[in-house]
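To start, the structure itself, in structure tokens.
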Amino acid sequence: MAKIYYDDDADLSIIQNRQVAVIGYGSQGHAHALNLRDSGVDVRVGLRDGSSSIAKAEAQGLRVLSIEDACEEADLIMVLVPDQNQRQLYAEHIAPHLKDGDALFFAHGFNVHFGYIKAPQGVDVCMVAPKGPGHIVRREYSDGRGVPVLVCVEQDASGIAWDLTRSYAKALGGLRAGGIETSFREETETDLFGEQAVLCGGLSHLIQAGFETLVTAGYQPEMAYFEVCHEMKMIVDLIIEGGISKLRWSISDTAEYGDYVSGPRVIDDHVKKNMKAVLDDIQNGAFAKRFIADQDAGAPQSKKFREGEAKHPIEATGKELRKMYSWLAAADDDYTEGSVAR
């Protein structure tokens, strides 16, 4: 079983005696910067010149500097920008300002684990990764609670990297809920596998396949959408609340029996073999190389995939049906169809 840390396992004064730079001010960046500041930590935010986030960060009372100046001032740097941008940002704007005794923090291990970022030997390399989106991390902290975090140390140059990591996690509010000890390797590989095989790739293609099966068999697209996509939220909510057992307890006897007899026909040993192949590509670095190569080329594959998937018939059907639900109209007012959130 994993080792879990709580507030009593951390000394907040350790992080309060550091100069922290949060690089990036997106979903996670704003939560980290604000929570640390409200925990008595000296925080500055590092942003590129012209960033649209500068005004937002300053309006929330934070000191904003260029990335270079923020890193020069700080002795602890938390990198909270997209994976594909970290390598260049690190090489050009962060690495020149690192000194022995500094600490480099991440919320995801992709670039460190796969070797795209290699810190000097005299620098601590640590991770504090909230298991929730930034606005929830901030909301829970403000309400006196917290979101669970993953904590790990890749390089303990100072001899106190673990103490520093736990202190950071406490300032973030994560140890109110619990900090689960892991490693950069474990966090990175399980995170990528979950995204690709189950949560994003697996789920989206399962929904599409179910939709296609029903429509091809002559059923109305609207009925197919309701049955294989729209009701997904209810199912996921039950699983989040009480696991698969609560889901099966909550559904009808007919649905439960169908789960037992038909689920294994869809998710069979062949699917597990494919999942293992996906995991192999993650573990051996093949996926990382493919992703970075695509990003370095201007993301032609990603753009092609995105454009192609947007044309799937389930999208047009869902767009019309969602208009029938008045409470969904404003549920995603920060989403622009065809755009990318990052």
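Residue numbering: from 1, along the chain as shown.
Every residue, even glycine, has its Cβ placed from backbone N, Cα and C.
Pulled from Swiss-Prot, these are the features on record:
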{"type": "BINDING", "residues": "Y25, G26, S27, Q28, R48, S51, S53, D83, Q84, N85, Q86, G134", "note": "NADP(+) binding site"}
{"type": "BINDING", "residues": "D191, E227, E231", "note": "Mg(2+) 2 binding site"}
{"type": "BINDING", "residues": "D191, E195", "note": "Mg(2+) 1 binding site"}
{"type": "DOMAIN", "residues": "2-182", "note": "domain 'KARI N-terminal Rossmann'"}
{"type": "DOMAIN", "residues": "183-328", "note": "domain 'KARI C-terminal knotted'"}
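Here the domain 'KARI C-terminal knotted' (183-328) has, by DSSP, the following mix of helix, strand and coil residues: 125 helix, 0 strand, 21 coil.
The maximal spread of the NADP(+) binding site, taken as the longest Cα to Cα distance among Y25, G26, S27, Q28, R48, S51, S53, D83, Q84, N85, Q86, G134, is 20 Å. Comparing the binding-site residues S27, S53, Q84, Q86 by how many other C-beta atoms lie within 10 angstroms of each C-beta, the top residue is Q86. The distance from the Cα of Q84 (NADP(+) binding site) to the Cα of E195 (Mg(2+) 1 binding site) comes to 16 Å. Taking only the Cα positions, the spacing between R48 (NADP(+) binding site) and E227 (Mg(2+) 2 binding site) is 46 angstrom. Note on the domain 'KARI N-terminal Rossmann' (2-182): mean pLDDT across this stretch is 98.
Residues within less than 8 Å, Cβ to Cβ, of Y25 (NADP(+) binding site) and separated from it by at least 6 positions along the same chain comprise A33, V45, L47, S51, S53, K56, A57, L80. Summarising the environment of D191 (Mg(2+) 2 binding site), the number of other Cβ atoms within 10 Å of its Cβ, over all protein chains shown, is 17.
For E227 (Mg(2+) 2 binding site), the nearest of the binding-site residues S27, Q86, E195 in terms of C-alpha separation is E195.
Across the fold, the C-alpha of E231 (Mg(2+) 2 binding site) and the C-alpha of S27 (NADP(+) binding site) stand 27 Å from each other. Note: the CA-CA distance between S27 (NADP(+) binding site) and D191 (Mg(2+) 2 binding site) rounds to 18 Å. For the pair E195 (Mg(2+) 1 binding site) and Q86 (NADP(+) binding site), the C-alpha distance works out to 20 angstrom. With a 10 A radius on its CB, E195 (Mg(2+) 1 binding site) counts 14 other CB atoms from all the protein chains.
In the shown protein chains, 11 other C-beta atoms lie within 10 A of the C-beta of E231 (Mg(2+) 2 binding site).
Here the Cβ of E227 (Mg(2+) 2 binding site) has 13 other Cβ atoms within 10 Å, regardless of which shown protein chain they belong to.
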